[in-house]
Each structure stands twice: as C-alpha cells, then as structure tokens.
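Quick look at what TrEMBL lists:
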- B:7-34: transmembrane segment (TRANSMEM)
- B:66-280: domain 'ABC transmembrane type-1' (DOMAIN)
- B:72-92: transmembrane segment (TRANSMEM)
- B:104-124: transmembrane segment (TRANSMEM)
- B:153-181: transmembrane segment (TRANSMEM)
- B:202-221: transmembrane segment (TRANSMEM)
- B:259-281: transmembrane segment (TRANSMEM)
Amino acid sequence: MKRSLLLTSGFLSGALFLTGCAGESNSGTEGEEDRTKISFIHWRGEDKAVLDDLIAQFEEENPAVSVEMTIYPSEQYQATGQRLLQDGSTGDVFTSFPGAQFEAIASAGLFEDLSGEDFVSNFDEELISVGQKDGAQLALPYQLVFNMPVYNKGMFEELGLEVPKSWSEFQTMADTLLENDITPIAFPGADIGPNQFMNSMMMNNAPDEDVFEKLQNGEESLTNEWWVKTLEDFQLLEQKSYIQKDALGTSQDSAMAMVANEEAAMLATGSYHMSALLDLNPDLELDLMAPITVEESEAMYEGINTATFMLAVNSKSEKKEQAKEFIAFLSQPEIASQYANETGQHLTINDVEYESEVLQNTAYWIDERKTRFQPRFLITNAQIEAAVLSSIENVLGGAEPMEAAKEAQQIVDENRD
Amino acid sequence: MKTSKSIYLFFLPGLFLYAIFFVYPTISALFYSFTDWDGLSSSFQFVGVENYERAFTGDTVFRKTIGNNLKFMLVVVVFQTLVALAFALIVLKNTKTTIFLRALYFFPTILSSVSVAFIWSFIYDPSLGILNQLLELIGLEFLAQNWLGNANIAIYSLAVTQIWFHAGQMLIIFVAGLQAIPEELYEVAKIEGASKWQTFRNVTWPLLAPSATIVVAYTTIQSFKAFDLVFAMTGGGPNNSTEIVATYIFDIAFRSYQFGYASAISVIFMVIIAIITYLQFKVLRSNRISY
C-alpha cells in the first residue's frame, strides 16, 4: 500500500514538475510570440552553422523579428520545394535555382518583385540578371559558382604541366597524367557529372549563348555539329581513359575521394567542391580549369559561372517587409564576407573580402577570366534538359554520338513548347 | 435493427479516411488529367484528351518507362516469390536455428528504403564496391560489372535490391500458408511413398495457392509502384534505362511542372495495375485445389 502511495505521489510530483516546466516554456513562447517569425527555406545543409550564426546576429539587430530556418536536401528542394510556397505560410524568404525552377515559380507569380529595393545595389549588377524576368528583379543570386573542373595545381606543378589552352594541348596533358598512373578526370557519372561537365565541354563548341533557347524553339537541333562534336569529345574522353573506367557508376563521393587521394588530377564538378576536397586532404593546392575543346584561336570562353542560391521573397507572404529586412541584412558586405569565408563560396555581393586562401586564389576568375553563364540553366524545359543529359550518358555507355544525338533530339521534338 | 444500424457507424472513420486518402486524390488526378495545370499556378485550361494522346503517341520516354517497369516487375515477381518460398520452406520448423534464420531473412524489411539504397549503391560501386571486390577475390573478376552505370543491366541490379529488401515480407505470408496445411496430408503422402518433390508438387504447392496469390499480386503491385529505391540509387539513369513509371511521374510533375500530364500518366498507370492484378487473381484462383 505504502509502495503504491509512493508511486502515485511520485507520479503526481513528476506530472506537476513537467506541468511547471511546460508553463515556463509557455511564458518563454509568449515572448517569442511578440516577435514576427519569418520562415527561411533553402537547400544548403552545409551552411547551417554559419547561417545559424548570421540569423542570431540578425535577430539581435532586429529584436522584433525571428527567423525560422528549414533546410531541405537539394534534390527534394529542387523537386518539391516550390510547392511549399503556395499558401504563403512557408518560405517568407526562400531560395531558388536558376533555370526551370526559376521559370516555374515566376510563371506562378510566387516571386515578390524586388526591383527598387535599396539592398539590390549591394549586389553586382552583372551577376543578378539571371534573377530578372520581364524587367523585374524577382530573385537575387547570392552565390557565384564556377561549374568547371577543380584541378590539383600542386600535382600539375610537380609534373611540369601547364593549363592547356586547346583541345590538342588538353589531350597531351591528359596523356602525361596517364603515363604517371594518374586518372586525368574523376567524373561522377552516377549523379552530377553530366549536369556539370556538359557546360565546360560545350562552351566553345557552341559559343552562341542562345543555343538552348533555339533548341527549345526548334531553330537548333542536337544533331547539329555543336552538340555532336560535344558528344564526340565526351566519347574521346571515355575511349582514351581520360575519365575513369565505369564513370557512369561512380558517385560524387567516390570521385571526390579519387581527387583527394591524388589518384585523379581533376574533379569534373565545380568550385563548390573545393572546400570539401580540402577537408579530405588539406595539403591539396587547388584551382579551376575548364577543358578547351577547340583550337586556342577559336576559344571564346575559359570557364563557366553560375549565379545561384537566389534569395527571394514569397509574394504570398504576409511578412514581406521583415523578409526584405533579412535579405538586406544578408547582403551587407561584412555579413556576406563572413558567409563567403565560412562556406568557401564566392558571392555576388560587392566589396566582399575573401580571407580564405582557396577563395583568394581563385577570385581572379570573377574579374579576370572570360566565363559564360552555365548553359544547362538556360534550358528552361526540364524534359529537354533531361534529354540533353541522357545523350551524354548514352555516349559514355557506348552509343555513337550521332545516334545518341538523334535519340535525344526526338525527345526534344516531343517536348518542345 | 437499431443495433445493426449502429454497426455502420463503426465503418465511418475508415470510410472517411478512405475517401480522403484514396477517393479524393483519384478523382482529383482524373480531373487534372484533362487540364494543362502546372502544379503551381492557380489557373489552368481544359485540354480534353490531349494528355492521353501525348502519352500514347508522342512520348518516347513514357513508352520506355513501361518497358522498364515490365522488365523490373517480371524479375522481381518471379525471383522474389521463389526466394521467399525457398526461405519459408527452410524456416518452417520452430527450432532455434530457424527462428534465427527467420529473423535474419526478415531483417532487411525493417530498414528504411533510403538506407537500403545507400547500402546497395555502395555494394554496387564499380571501384570501391564490395560486390566487384568479392568477385575478384573468388576469381570471378570477369563477372565484375558497372552494376548501376551500365544501361543494359542497371534495371536488373535494382531488381536484386528490391528482392533483397522485400522478400522477408513475403516469407511471412508463405510461412503462415505452410503452417495452415494439415500435417495429416504429409503423413498420407509419406505412407503412399511419395518423394519430397512429389509431396511438394501435389500437396504443398496446391494448398499454398491462396498465399501464392497474395504474394504474387502484392509483389506485382509493389514492383510496379517501386519508386524510392530507383529514385535514390539511379534517379532513372543512365540514359533513362532505369526510369520507371513512378519516377517518371515524379519528374514530369515536380521537375517539369506538368501536373496535368503527370495526372494522365498516373491514371493510365492505375488502370494498368488494376488490369494486371485482376488477371493474376483470375489465373491464380483458377489453379486452386482443395483436398
């Protein structure tokens, strides 16, 4: 009897204690409720720590506003993220990819027009045009990415190699690497390889920046020389073992491991992998290099850039002013500098000070090199984009370039708007 | 009378949930299949049967996904059923060893599909993967493959993963079916001098038909609707060789913003599954025997 009484009183005490805790928590929540809570959604899980810190700073500067950040995996965000915006309750501030996703969100009218906002002038004018549509600034790209191979500069110096300026030089360089038992290019064909590497492989084969717009409206064809030549170049990489065996089965992590272990000289992805590679092997000395697939005199571009992680305000939001305050905060040069240095990303913000060695060493690509906007993001129809990428996979799987181009063109024709 | 009427009230929660989670989405999909809705905008146009015409006559990838789905389904249905039946016969007795084996065979079922996809992607990795390394170790390096990167075999590699993942569930159904067969029939077969194969052929298999019907029908539907493993392991590639209808619907709806067209494909897909399931039940039921 005594035991059951003890148990009962213990249970009641516990319940009262928990109720007390809940009360304390509620009083805390009441304080929270006085603040306007805005929702910030994006896909960059690797930036959580620095963004948590920046949000804390923002909340300190703006005591009336709190920010709830939700991060989705990038695949999920790209596929379904925009649906969260529809009722305005989520994503007061959200991010968007350029290309098909930007077009879809813009067509649905979910972007608040940011033209005329003071903070727009904090961004490099030339780098934010990808967030414009019909004369309105709908989104502001925050990150500047170079979607071209990262290469082991130290290894090149050791072997006396220079960055090739033509397709023949590229092949000579690749042969030298092979002679030294080094795979020239680690190609993550099982996931992002084709998406990324197609850009630099085609940039000089099709220097017309409207080529994909023309493909979508029927003026161009994948069976034309610019794309067949690109596929032939991919075939050459595969046949001469310039990319690793079984590249289509290689994941991003495996390809990164090859470069980090110095089994491969280049990683066919982009600048966004540099800090991760350095985490795997801090002794690496890295830089960027795109294959030039034409003769030196014909080369118009040296690399690829993408302004992405486009910050935007949900037009359905009831907290647009607070959302804009948050973007204004992120676009301050000193805040952006912290973000850039802690994430290893170049940014589109003016006057950012890059402190990390790898960012400083590659910052010359922003102003001094002739780069073009990532062609893949200029394909606004996702089915056509998939057809283009599939033709690369088809060739790497053994198909003849023209056959692969024809097969892909048929899908393009079926999906043309 | 009053009591019998009140019994119907107990059906209401179930009916309510069924209406919300099945009837309403089905009617919605049918409705949107006649529109050009992009899934985001508040407005759309009615386009009649245009989406259905496109699916049947103007979409090469959709036709390819149907072919991939059929290959995947055939391999999974045949081998998953055989594997589950073999396992069930092995673990039928309730000894300590068979209880352990039953748990072992059932184990993959409790994993999440993402974990399974991760594990098997690693197993299949052409350079770092365990499978190729194992083949090399036992002198069968000529069998080493680019399991997920080769367009000719990737769909079968995925089928193996699917079988590994779900065979344990089917094992439980077969074990229940086997335990329901009267022991006397086996004793009679023994007295009559029937061999093990004859006993299986004439006693076990016919009486297992109800369980087999459930297993085959369920496996067919499950393999036709497979999405998560394919999405996580290959994303439909390389060159659409593993693109199946479910992943294609996802692509069309959420990447291409063509909800109307995706709805039309979903409706076609639903009809195909319904027909196959009906035919299976009909064929398998007609083969049932009772003693």
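The backbone N, Cα and C atoms fix where each Cβ goes, glycine too.
The listed stretches are B:7-34, B:72-92, B:153-181, B:202-221; of these, B:153-181 has the most Cβ pairs under 8 Å to the transmembrane segment (B:104-124). Among residues of the same chain six or more beyond the transmembrane segment (B:72-92), those with a C-beta under 8 A of the stretch's C-beta atoms are 98-99, 101-102, 105, 155-156, 158-159, 162-163, 166-168, 170-171, 173-175, 177-179, 208, 212, 215-216, 219-220, 222-224, 226, 244. Residues 44, 46-49, 51-52, 259-260, 263-264, 266-267, 270 of the same chain lie 6+ residues outside the transmembrane segment (B:7-34) yet bring a C-beta within less than 8 angstroms of a C-beta in it.
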